[in-house]
Every structure is written in structure tokens, then in C-alpha cells.
């Protein structure tokens, strides 16, 4: 398989996950919100790195979670405790990374938002 074919399959995976997985769409919306806030609040390069890593980790984890769920459903179409364990573990990984992202967002954005609010209150 050539490089362009591999890129096409990767793009299809992203597109399909976006279309079929509600959580991926929600996480993508929060990613876009974080990017917009970063632009508006003029975060520095180090802060951009943390935001970027947070976004990519959460979205990549959700892609892994989606892939493992699909594979688990294929291998174990009926309920099985090991299938549940696998699905729960990958969902937990996504949750941990989402919490990490929220913490990064709070650390980066909250002080800047407080400054904006203080400035707005002092002007009015």
C-alpha cells in the first residue's frame, strides 16, 4: 500500500469516527473552542504546546477507544465480562486524558480570563 492510500484510509477513519461517534464530535467541539480561546487570549508558545498535546491526546485516545470497541464487538458480539473489561479500560483512558485536558485548560485559560474580567470591570 502506498503512502497516499494510507493517508486516504486514515482520513476515512477520522471522517467515519466524526460521523458516528457523538463523543468524538463533542471532544472536537471543545478542541475548536480551546483553539479559539487560545487565539483570543493570545496564549504563548509553551501554552500552545500544552493545548495542542491535550487536544491530540484526547482525540487519539477516542480513536483508539472507537477502534477497540468495534473490534471487541466483532470478536464478541454477545456480552462477555472480558469484552466489558476491555471497553471500560479504553473508556477510562479517554476519561483520564479528558480530565488532563480540562486541568491544562484551567491552568492556561483561567488566569487570562480573570484578567479580562478585571479589565472589563475597571473600564465600566
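Any Cβ shown, glycine's included, is placed from N, Cα and C.
Database features, via TrEMBL:
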type	residues	note
ACT_SITE	62	active site, proton acceptor
BINDING	6, 7, 8, 9, 10, 11, 62	substrate binding site
BINDING	21, 69, 87, 88	ATP binding site
BINDING	21, 69	divalent metal cation binding site
TRANSMEM	24-41	transmembrane segment
TRANSMEM	48-71	transmembrane segment
TRANSMEM	91-110	transmembrane segment
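Overlay of TrEMBL feature records on the structure.
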{"residue": "6", "record": "substrate binding site", "DSSP class": "helix"}
{"residue": "11", "record": "substrate binding site", "DSSP class": "helix"}
{"residue": "21", "record": "ATP binding site", "DSSP class": "coil"}
{"residue": "62", "record": "active site, proton acceptor", "DSSP class": "helix"}
{"residue": "87", "record": "ATP binding site", "DSSP class": "helix"}
Cα-Cα distance, maximum over 6, 7, 8, 9, 10, 11, 62, record's substrate binders, Å:
20
What span in Å does the ATP site cover, taken as the longest CA to CA distance among 21, 69, 87, 88?
16
Within 10 Å of the Cβ of the residue listed as 'active site, proton acceptor', how many other Cβ atoms can you find? Include all protein chains, please.
24
Indicate whether residue 69 (ATP binding site) is helix, strand or coil by DSSP.
helix
Out of 8, 87, which of these binding-site residues shows the lowest number of other CB atoms within 10 Å of its CB?
8
What is the total of other Cβ atoms whose distance to the Cβ of residue 7 (substrate binding site) is within 10 Å?
10
Looking at the binding-site residues listed here (7, 21, 87), whose Cα lies nearest to that of the residue listed as 'active site, proton acceptor'?
21
Distance from residue 87 (ATP binding site) back to residue 10 (substrate binding site), taken between C-alpha atoms, in Å:
22
In whole Å, how far is residue 9 (substrate binding site) from residue 21 (ATP binding site) when you measure between their Cα atoms?
17
Can you tell me how far the Cα of residue 9 (substrate binding site) sits from the Cα of residue 87 (ATP binding site), in Å?
24
